[in-house]
Amino acid sequence: MANLTLDGVNLCPPPFYDVNLFGDGGFTEGRICQRVSDELSCCLPCPMTQWVYPDTFNTLTDAANWVATASGICCLFLLASWACLPVEKTNRHYLSVGITIGVLLMSFGFIIPLAAQTDQCYDKITPHSMHTNPSCGASGAFLLLGGWAGVMWAFLRSLSLHLQICWQVLVGRNFMIFAQAAGWGVPALGLVLALVFSGVSFRFGETCHINHTNSMEAFWIPLLIFAGATVVITFATFGYCIKVYLSALGDSSASTEGSNLPTHSSIARSHYSPRQAYRRVSRVIGLQWRGIAIVLIIIADVIFFSIVFVFQDSNVESATGNPKTNADWNSCVAEAGGDKNKCRGDTSKAAEAWSLCLIGSKGDKDKCLSKASSLVVNQATVGAVLLLLTLNGLWVLFLLGRWSMVMGWVDLIPCIPRRRRHEFVSADARHDDKQETRAYEMLSKDTNVEITPLSPVMKSPPEPEAGRSTPDYFGTTARYHAPSHSYSSPRPPSPPRWNPNQTFATSQKAYHAPHYDDMNPLGMNRL
């Protein structure tokens, strides 16, 4: 039975469509078609993932997009903390900032399709490309740029660690300038080459990926070269660390645990004893183990994604018999004397068996999923790749984030409630209960306060009207400025109070003569 369309008669059995019924719009090279005859090619309805995977595949891609959204939020938090908080709260470094920006750009490749909710197909058999769908171009560009940036900054961080540990090179301003130029220049160049010579389109899932044409030369091979170099440098550094550790175990020299080891490159490595070298290496590893971990995670994810996507792309392309996608089809048929079966590989034969199953089941894909499994990567592997790519932001926050960042935001934002402990003391406390009662002035250690004059018992006598006078040092008002980190408050000096009942001293009544209080001390020796 043939499907009737608005433009004419569909000569292909359902669920397939005749390619002649559609124009040249969209990404025509992304059509999944099989040659039935020289004049007829039948194409699978778009999108392809709807026919080769179960219905849970869409749920899996949506979950990956939401995980990417959470990763993007984590990266934004880190970048905002590094930009707004002091360095003692964040311990920021330009290598960490570069990796975080790369992961954020990669996350945008999954966030944009989630926000746009655009259709993947230009027509019934043709997927959208970056030229026909703006969100496709944006998501694909962010994914390629983020992948390049993540790999480059991982390579630069691994190179920096290798120079410090293995060659005792102090990476400074020159390396930072080189890292900024290479960390952003190479990804920008790689993105331009990939978009110009290959392009992006909806291949599988809601995110646009690089096309098959020239993808190996323009994107995958250069990317994997830097990823492989990162792996080699990292394992070479680990090998040197193991060598230093084994040398330290066999070193019988005296320990120099308290020595200050130089780190500049002017001193040769031969000047270090094995124990000194081991302590130096362990110190660097202890400071940068988080960066090493995130480098290994990003490189592993990129390599895993590259292998899976290239394998998926090769299978899909080899399964089609369209001469537009298989340029050597006509030459193969001519060399085989017209025998087309000799030009079909195992994948093409499996695609033919799957197509016949779809025709026999009248488009019921569930009955033919077992035959489609040999054409594409299984759903579990694709889901693992997508989730690993989208989880990078969470790993970055876990390894590069610090709890002091949260406390720094609490101190920075005034609207966040916080507990404050104030200490109050009396600056005019009375020791003599018989004196007149006065109001107490409460002082806080957090403010600049004014100290009132002292109690009358400590004041100097009034000045005489004539003659020599003594300045009143205790009656003036002094200004007290509390230090910013002080936990004390000013207290007035108190006169000593002695209670004979609390000691073993003899009371005054024991040796005072009678009427001693009525005697004039100036007339004691008057004759």
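Placed from the backbone N, Cα and C atoms, the Cβ positions cover glycine too.
Worth saying up front: this structure is predicted, and the values here are computed from it rather than measured.
Taken straight from TrEMBL:
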- 478-489: compositional bias 'Low complexity' (COMPBIAS)
- 499-509: compositional bias 'Polar residues' (COMPBIAS)
- 57-221: domain 'G-protein coupled receptors family 2 profile 2' (DOMAIN)
- 453-527: region 'Disordered' (REGION)
- 63-85: transmembrane segment (TRANSMEM)
- 97-117: transmembrane segment (TRANSMEM)
- 137-156: transmembrane segment (TRANSMEM)
- 177-199: transmembrane segment (TRANSMEM)
- 219-242: transmembrane segment (TRANSMEM)
- 289-311: transmembrane segment (TRANSMEM)
- 380-400: transmembrane segment (TRANSMEM)
### Sequence-remote partners of the transmembrane segment (380-400) [C-beta within less than 8 Å, at least six residues beyond its ends]
53, 57, 60-61, 63-65, 67-68, 70-75, 77-78, 96, 99-100, 103-104, 106-107, 110, 150, 204-205, 290-291, 293-294, 297-298, 300-301, 304-305, 308-309, 312
### Task
Could you check if the transmembrane segment (137-156) is in contact with the transmembrane segment (289-311), meaning 3+ Cβ pairs under 8 Å among residue pairs at least 6 apart in sequence?
yes
### Message
Please report, as numbers and ranges, the same-chain residues at least 6 past the borders of the transmembrane segment (63-85) whose CB is under 8 Å from any CB of it.
### Response
92, 96-97, 100-101, 103-104, 107-111, 113-114, 205-207, 383, 386-387, 389-394, 396-397, 400-401, 405, 408-409, 412
### Query
Can you name the far-off residues of the same chain, 6+ from the ends of the transmembrane segment (97-117), with a Cβ under 8 Å from a Cβ of it?
62, 64-66, 68-69, 71-72, 75-76, 78-79, 82, 135, 138-154, 156-157, 179, 183, 187, 206-208, 291, 294-295, 298, 386, 389-390, 392-393, 396, 400
